[in-house]
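I have placed the structure first, in the form of structure tokens, so that the comments after it can refer back to it.
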Amino acid sequence: MKRVYICHYGEVGLKGGNRALFERQLRLNIKSALEVQLPAVKAKLQVISKRFVVWFDEPVENEKVESALRSVFGLVNFNPALEVAPDITAIQEAAVAELRELNFDSFAIRAKRADKNFPLNSQQINVQVGAHVVNQTQKKVDLTTPDITCYVEVLKDRAFVFAGKLPGPGGLPVGTAGKVLVLLSGGFDSPVAAYRVLKRGARCDFIHFHSFPFTEKTSQEKVKRLAEVLNRFQFRAKLFMVPFAETQKEIVLNCPDRLRVILYRRFMMRIAEKVARRHGYKAIITGESMGQVASQTLENMAAIEDAAGMPILRPLVGFDKSEIIDLAREIGTYEISALPHDDACTRFMPRHPEIHARVRDVRQAEAVLDVEEIVARNLREIETIDL
């Protein structure tokens, strides 16, 4: 018997002629995730009949392997398994070995026979393996609500036996959908938006606009921590820090109060677009959710997007706040986002912000500003952090 990890993918298997490309990227991502968790141990990978098999030539900590695989988009489930010869006796012994150390009263065997030349069909495998487990453990079979399910996968030259399935994050492998630039604040929304885009296969870099010295430096550290949490799903990223206080001052001194937040965000879009084109990003990502705050009405989002010359994607546009909070807890950003911080858009907030802005009014309001020079100044002052 050989101890391995079986990793199953979902959408990747539906990609037809492009499947090899997706499998290749998924393989690289699995290796990268394992190298982060186990830098001193070399993992070996093989694609066998629409599943990845991972093994090591030396003992490893299961917890670290599982932590690595939980961060790999594209995997729908995975589990430690025993690899044995495609022989019913070997499969029976492997099932007993897998179940013997577990605490359960009832079990079920679920077999899949990919090799149709195997002398037993799936149901016959279930019966014969189940009978052997009952004989060896005195546990009972329950096909409806078993305490544990033991899976058997029979291939042409080997079989895999494993108890239970650990959930993966699903989605598509990061790196199969190009690069995007995420406007990352210190709140709950933008990290969740980044996660949703990572799950669809895009590689994310981040841009943050801060108001130091009008805000404390701790807000920048908070954003860096959020980016590092998100980076565990892709293993490398850049964080662009943009000093935005002077731009805000010019808007406050020269433009109508009610349009401040919209004008802030128009300049953020212009700056983000320049960074995106310089680095080859295909879209800008925001954490906007329709109607959640004053700046996120349809009219205001249209007025803000008018300043951008490339696609703006809003993965959370149909989410409510409770859904966003739940996902933030799930991905590990909630505790950091919940820390108090000063957001750039909340500095110099007007008492009555515009909620139904018209593009022509916004353009007229910022006509008094030297837009190109303001954007150029912000670009000169950007700090780039490699994560």
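Glycine is no exception: its Cβ is also placed from the backbone N, Cα and C atoms.
Keep in mind that TrEMBL annotations are predicted by a computer and have not been checked by a curator.
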Of the residues Arg232, Arg265, Arg266, only one is listed by TrEMBL in the ATP site with Leu183, Leu184, His208, Phe209, Gly287, Gln296. Which is it?
Arg265
Counts of helix, strand and coil residues, the domain 'THUMP' (63-165), according to DSSP:
37 helix, 32 strand, 34 coil
Tell me which residues of the chain lie with their Cβ under 8 angstroms from that of Leu183 (ATP binding site), as long as they are six or more apart in sequence?
Ser190, Phe206, Ile207, His208, Phe209, Met268, Ala272, Ile284, Ile285, Thr286, Gly287
Across all the protein chains here, work out how many other Cβ atoms are within 10 Å of the Cβ of His208 (ATP binding site).
26
